[in-house]
Amino acid sequence: MTSAQILIVEDDRIVARDIAQQMSRAGYVVVGSTGSGEEALALVETLPAGSKPDLVLMDVRLEGELDGIDTARCIREARDIPVVFLTAYADEETIRRATAAEPYGYVLKPFDDMQLRTVVEMALYKHGAERRLRESEQRYAITLSSIGDGVLSTDVDGFVTFVNLAGEALTGWSRSEATGRRLGEVFSLHDENTHAPIEDPMAAVLQTGSDGGLPARAILRARGGSDLPVECTGTPMTDERGVRQGIVIVFRDVTQKRRAQEAEILRETNARLEMAMYGSNVGVWEIDMPEGDHKRGFARYSNIYEWLGFDTPQARLDYEAYMSVLHPDHRDSTDRAVASFLESGDGLFELENRLRHRDGTDRWVLVRGTARRDAMGKPVRFVGSLVDITELKMTEQALRASEERFRGTFENAAVGVAHCDLDGRFLRVNHRSGEIVGWPRDALQHRRLHDLIHADFSVASIERFRLLTEGKLKHYSEEVPLVRFDGERVWVTLSVALQHDASGQTAHVIVIIQDISERKALEETVRVAKDAAEAASRAKDQFLANISHELRTPLNGILGYAQILQRDVRLDTRQLASVGVIEQSGQHLLTLINDILDFARLGAGKLELQVGEVPLRGFLETIAEIVAVRAQQKRLVLNYVAAPDLPAVVRVDERRLRQVLLNLLANAVQFTDRGEVTLSVSRGAAGRLRFEVRDTGIGVSADRLEAIFQPFEQAGDHTRRSGGAGLGLAISQQLVRMMGGEIEVTSSAGEGSVFGFELDAPASAAWPCERIPRLQADRLDGARRVILVVDDVPANRTLLAEVLGQAGFRVIESSDGRDALDKAAACAPDLIVLDTVMPVMGGIETLRHLRRSQTLGATPVIVVSADASEQNARANIDAGANVFLEKPLNLDRLLGSIAMLLGLVTLQGAGPACEANRPMIIPPREDMAALHRYALLGSMRDISRHADRLASSHEKYEPFAARLRHLAMTYESQALLSLIEHHLNNEGN
C-alpha cells in the first residue's frame, strides 16, 4: 500500500520539522513544508502528479497575506484536498471561520505522536470514504445517463475491464473473454456509410474530454463477423483529482428501434434501472395492499434476492418472503415497526435491518419507504428501497473498537493518567494513578490535584496550573512530592497539558503522573556517596599537600645550603665531595617524595601530560650518556641502538618519557652484575615509537612478572636491597598508558629481562626553540635592589637572605602576609619572594592584596611553595604570581627568574687572573663526551679530577682545565654544561 502524502503548512520551522519527523515515524511521506499560504497554494498546483498531497496539515496563523483558514478554503475549492488545522488558538471568531472552511480535523498544540496520527488517519479515512462515494455516484450517474444495450469500460491503458450482457451479445465476446483485451479487438467500429474502420475509439473519447467522441451511427463488427447498426457514446472516467481512469462506451443495437421505438425506449429504461440497482447494491420493493393488510398483499422485490446471492424467485411473493431473508433477531422488531408506521399515518419509514446472504454472512441495509393511502387514509401500497450500509456498519464497529483500545490504553497504562477540569478537580483517573497516589479512585473524584501536592511545593504548582489554563503556558512538567492517603510522601513527575475538542474548545486538563521515588532515592544515595567521595578526595589532597610541604620544607634548607657550600671557593676537594654527598642524598630523598606524589596524582587522575616538540636523537643520546656513567661504574656495556628511519622531531611529553626510560634503564643496570644493557628504539605502526630495554641480569621469575608493576614492589630479586620506594615501575606503567602504550616484560630467572612499550609519538616538522641555560652567577649586575623575603620558617628566610645577599641584593625579611604588606608599603621592594603557607595571612591572599594595591600592584612576585601540585601552581599564577618555584629551591632557577623579572645581567666569575688572557685549547671529543656525562650527572668531583688529568697531559689544556675547576669548585653546574655543550657541538679540538 502506498503511504499517504502530507503537505505541512507551518510558519514555525522547528514545529514544522517536528511534525515532519512525527509523520515520517508514522509511515507517511512528507512532500513539502512551507510557512505561508501563498506558497502552499503554489506547491499544491506545481508539485508533480506523483507528489500531490493527500492531506494538508495547516497552521491557522501563517506568514503572508493568507492565513491558514483562507488557504484551506482555496485548497479545498481548487483541489479538494482534506485539511487538518493545527492551532493553539480557540477564540470564537477563529473557530467560526475555521468551521466554515470545513476542515477534516483539529489538533491543538502541543500534541503528541498518537494524537496527531489519530487525527490524520481519521481525516484520510473520512476523505477517502467521501471520495469513494463520489466516484461511485459518478459511475452510477454515467451508467444511468449512458446506459444502452451494451456497456463496455476500459482502464487508462485501453484494456477492457467490463462488458455487460448486452455487450457480450452484440460483440460476441463474453465478459471473461473480453476482460484484459485491447479495446479495438473487442469493440471494432466501422463507419455506417463507408464501412471504413474507425481508428482508436478510446483516443477519440479522450480527445473530446466529454461525452461523445464517437459517431452517433456506426457499424459494430461482432466477433463472428456480423455487422450490427449501433449507436455509441463514450465517456471518460476520472477520479476526484481529475486524473483519467479510463472510458465507458455505451452502445446499442438500433435494428429494432426503427420498427418499435416505444418498445425500445421501454426496454432501455428497464435496462438502465436494472443496471443502476445491480451496480449500486440497491434493492426496490413494493407491496400492494388492496385490503389494507400488508401481510396478505402481493409483493415485488427487485435486486434484493439477487443481491443476496439467491436466484430470482419465480413464484408469487408476499411480505413473508422478505421476512425469510431477514436475520431472526430483527424479525419481531421489524414487524412491529412496519405495523406501527402503516397505522400511524404519513411520513417516511426508516429502519436498519440485517439480512442473511446466501454465503451465510450478514449484510446491513437501510430500509426506507413510504405508503400510498386512499381517500380514507387506508394504506393501499407500501413502496421503498433498501441500501447496503455494511461498510458503514463496519466503520462504526472499527470506531468502537478503537475507542475500546484507547480506553484499554488509558486504564492499563504503565504511568498514571488523569483528566481534570480547569479548576484542577479530578474527572477521571486510571488504575495506575490510584496506585501511585495511594488514594481510592472514587475518593479522588472531584478532589483537586493540588490538594495532593505537598504544601512546600503547592504554591508554585498552583501558579503553573493557572498560567496553563489562562493560555500563557502550552504545557509544563514538574517534579513534586504527593501526599498519599496514608500520609507518606511519593515523588512524582507531573506532565500537564490542555486537551481540546474538535472545535478547538478546551475540554479538560490531562495529567501524566510518573512515580520517580526510586530515582529520587537513588539520586540521594548518589549525592551522599558523591559528597563522601569528594570529602575523602579533598582530605587526601590536603594530606598530600601537607606531606609535601612538611617534607620539602626541611629539604629546602638542606639542599639550599648544600648549593651555597658548593659555591664556596674556600672548600677543598674533600670538603666539596662531602657537600656533594649531602646534596646527592637530599636529591635522592626529593626523588622519593616526587615518586610518591606522582603516584598519588596518577591514582587521582590529576597528573597531566605536557606534550611538545622533542629532538629525538639528542634526547635519546642524552639518556644513553647519563646511564652509561652508571653502567661503566659496574663495568657493564651499554648499547644504544636507534633505527635509521626515526623522525628528527616528535611530539611527546619529554619529562615523563625521560622519567620512564631512566627508570627502566636504572633498573636494568642495578640488577645486572655482568654483561650488557641495551636501549633499542624503532618505528612502530601509525606514527608510534617502539622502545626496548634489554639486559643480561638476574631476570624475574614468572610468578613475579605481574607483581613488579604493583606499588611498593621491587623490580628485581626481593631478597636483595635495591633502594627506592618500589614505585618506579608502577609509575612508569601508568605514564606509558597515559601516552597510549603498555609496558610489556619478557623474563625468566637468571636469563635477563626485556622491557618494551610502544607509544604515540607523531613526527613534527617544527623544531623546538633553543633552550636558554639557567642564569648562574655569584652576583647580579646593576644598582643594589631590594628584595622582600616572606616565609614563616626562619631557616628558609636565612637561606634566601644569604643567597640573595651574596648575589648583591638588599634583603628584608617578613614572617607572614600581613607583616609583609606593611613592610612592602614602607620599603617599596623591587621584587618579593613569597611563601604560600603562613600564619595570619597566607600567600594567595597576600598576592591578591598586592595586586589590588595602587603602589605595589606591579611589583614582581616569585611564589615558592612546598606544595608542588599543578593545582597549587595554577592557583598562585591565577592570583597574580609572576613565577612559581617549588621547594626545595634550585638556586640557579631562583636567580635566573630574578634576573629575568628585573632585567638584570649576570656576571660570571672569571677564574684565576693568571689564566684570563691565555687562549683555551679544547681537548679531544672523547674527553669532551666524558665531561658532558659528568655535567649531566652533576658530578663536580669527576669534572675536577678529569680537569686535573687534562692539565697534566699537556700544558696547552691548562686554561680550559682551570676554567673547569673554577666552575666545578663554585658548583656552577649550568654554566659548566653550557660551556661543554657549546664546544662539543662545534666539534673543536
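Note that Cβ sites are derived from N, Cα and C of the backbone, with glycine treated the same way.
Because TrEMBL annotations are produced automatically, they should be read as predictions rather than curated entries.
Over the domain 'Response regulatory' (5-124), the average per-residue pLDDT in this prediction is 85. According to TrEMBL, the domain 'Response regulatory' annotation covers 5-124 (among others).
Here TrEMBL flags Asp59 (among others) as 4-aspartylphosphate. Around Asp59 (4-aspartylphosphate), a 10 Å sphere centred on its CB holds 25 further CB atoms from the protein chains shown. A strand conformation is recorded for Asp59 (4-aspartylphosphate) in the three-state DSSP classification.
As annotated by TrEMBL, domain 'PAS' applies to 136-209 (among others).
Feature annotation from TrEMBL assigns domain 'PAC' to 214-266 (among others).
Look at TrEMBL and you will find 349-401 (among others) tagged as domain 'PAC'.
Taken through DSSP, the domain 'PAS' (402-456) splits into 27 helix, 12 strand, 16 coil. What TrEMBL records for 402-456 (among others) is domain 'PAS'.
Look at the domain 'PAC' (476-528): DSSP puts its residues at 12 helix, 30 strand, 11 coil. The annotation domain 'PAC' is assigned in TrEMBL to 476-528 (among others).
Under DSSP, the residues of the domain 'Response regulatory' (786-902) split into helix, strand and coil as follows: 56 helix, 24 strand, 37 coil. Taken from TrEMBL, the feature domain 'Response regulatory' applies to 786-902 (among others).
For Asp835 (4-aspartylphosphate), the same-chain residues that are 6 or more apart in sequence and have a Cβ closer than 8 Å to its Cβ are Val790, Asp791, Asp792, Val793, Asn796, Gly843, Val863, Val864, Ser865. Taken from TrEMBL, the feature 4-aspartylphosphate applies to Asp835 (among others).
Counted as Cβ pairs under 8 Å, contacts with the domain 'PAC' (476-528) are highest for 402-456 among 5-124, 349-401, 402-456, 786-902. Secondary structure of the domain 'Response regulatory' (5-124) per DSSP, as helix, strand and coil residue counts: 59 helix, 27 strand, 34 coil.
Helix, strand and coil counts from DSSP across the domain 'PAC' (349-401) read 12 helix, 30 strand, 11 coil.
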